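Visitor: Pasting in a structure now, in structure tokens, and then I'll have a few things to ask.
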Amino acid sequence: MSKGLIHPSAIRSGLVDLEMAEETVDLVHKNLADSQAHLQGEPLNVDSLPEDMRKMRLTNAPSEREIIEEDEEEYSSEDEYYLSQGQDPMVPFQNFLDELGTQIVRRMKSGDGFFKIWSAASEDIKGYVLSTFMKPETQATVSKPTQTDSLSVPRPSQGYTSVPRDKPSNSESQGGGVKPKKVQKSEWTRDTDEISDIEGEVAHQVAESFSKKYKFPSRSSGIFLWNFEQLKMNLDDIVKTSMNVPGVDKIAEKGGKLPLRCILGFVSLDSSKRFRLLADTDKVARLMQDDIHNYMTRIEEIDHN
């Protein structure tokens with residue numbers, strides 16, 4: 001008989017569950033009624049809407065819901081140039097940059113100068129942007145100056161007399177300063193290319209040893225390890241600062257191995273407060289002088305041989 005009895009606590013818990021279920025049903029019914037309240041009222045009058053809202057209509061698409069403006073007068077012809085919907089122009093551009101980065105890494109590993117590689121890469125990027133994103137000029141605008149130039153060229157008359165070579169004409173005297181400018185420009189370009197090659201060699205060797213740690217004397221009469229990564233600097237800034245180290249440009253011009261520990265110490269003393277706190281500056285200065293002297297001696301021996 002005791003097995004068939006139901007405990008009063010089970011009855012009370014069952015009643016509580018029933019009450020909670022009823023409350024849940026009421027809450028769901030209320031939410032449904034609130035969400036459909038706009039369907040129970042009067043329909044909206046389009047004329048009562050703001051002017052901007054009256055110009056728009058809703059269309060049901062199979063994949064998404066689009067809002068289309070009915071006012072076609074504000075349509076701009078410039079929008080025809082851009083890609084259609086669903087085509088992201090950044091996807092092919094990102095693929096182009098990935099391929100370009102792979103080529104840059106491959107060329108740096110082969111020993112090419114950094115600035116020479118970057119000049120070629122920048123031209124590739126400019127060409128891609130101009131051909132993909134920029135709008136080409138129309139032929140009408142190009143043909144106009146061509147026609148005016150052809151009409152403005154005077155034809156030689158029958159009374160034309162040749163000018164002796166020892167007496168230059170006015171046009172030659174006016175354009176006499178053009179040739180020296182071209183010579184100066186070529187000389188400046190040649191000097192710039194030489195500087196770019198030297199800086200590119202420095203950047204190449206520094207980049208190869210960016211994470212390599214070098215030993216420096218510390219203030220506690222010991223040593224500590226330091227590398228280029230701890231400077232938190234760009235490679236271009238490191239190269240510009242390292243060009244102030246005496247003899248670095250000559251060693252890079254000869255294609256020799258650079259005193260990277262000396263360069264790291266010089267740049268760190270100039271740019272890193274943490275390095276100045278850790279290092280014994282006097283010992284670091286002597287260490288840098290010894291490195292420069294040893295590397296310059298090797299270069300001189302190679303030149304003599």
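Cβ coordinates come from backbone N, Cα and C, glycine included.
OK, Swiss-Prot features for this one:
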MOTIF     49-58  motif 'Nuclear export signal'
MOD_RES   S63  phosphoserine
COMPBIAS  139-151  compositional bias 'Polar residues'
REGION    139-195  region 'Disordered'
COMPBIAS  184-193  compositional bias 'Basic and acidic residues'
MOD_RES   S211  phosphoserine
MOTIF     212-215  motif 'Nuclear localization signal'
MOD_RES   S272  phosphoserine
Visitor: Between S272 (phosphoserine) and S211 (phosphoserine), find the distance joining the two CA atoms and give it rounded to the nearest Å.
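Guide: Just about 17 Å between their Cα atoms.
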Visitor: What is the number of residues in the motif 'Nuclear localization signal' (212-215) that are helix, strand and coil, as DSSP sees it?
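Guide: Tallied per class, the motif 'Nuclear localization signal' (212-215) gives 0 helix, 2 strand, 2 coil.
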Visitor: S211, S272: which of these modified residues has the highest Cβ count within 10 Å of its own Cβ?
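Guide: The largest 10 Å Cβ neighbour count belongs to S272.
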Visitor: As a test of reading the model: what is the averaged pLDDT for the motif 'Nuclear localization signal' (212-215)?
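Guide: For the motif 'Nuclear localization signal' (212-215), the model's average pLDDT rounds to 91.
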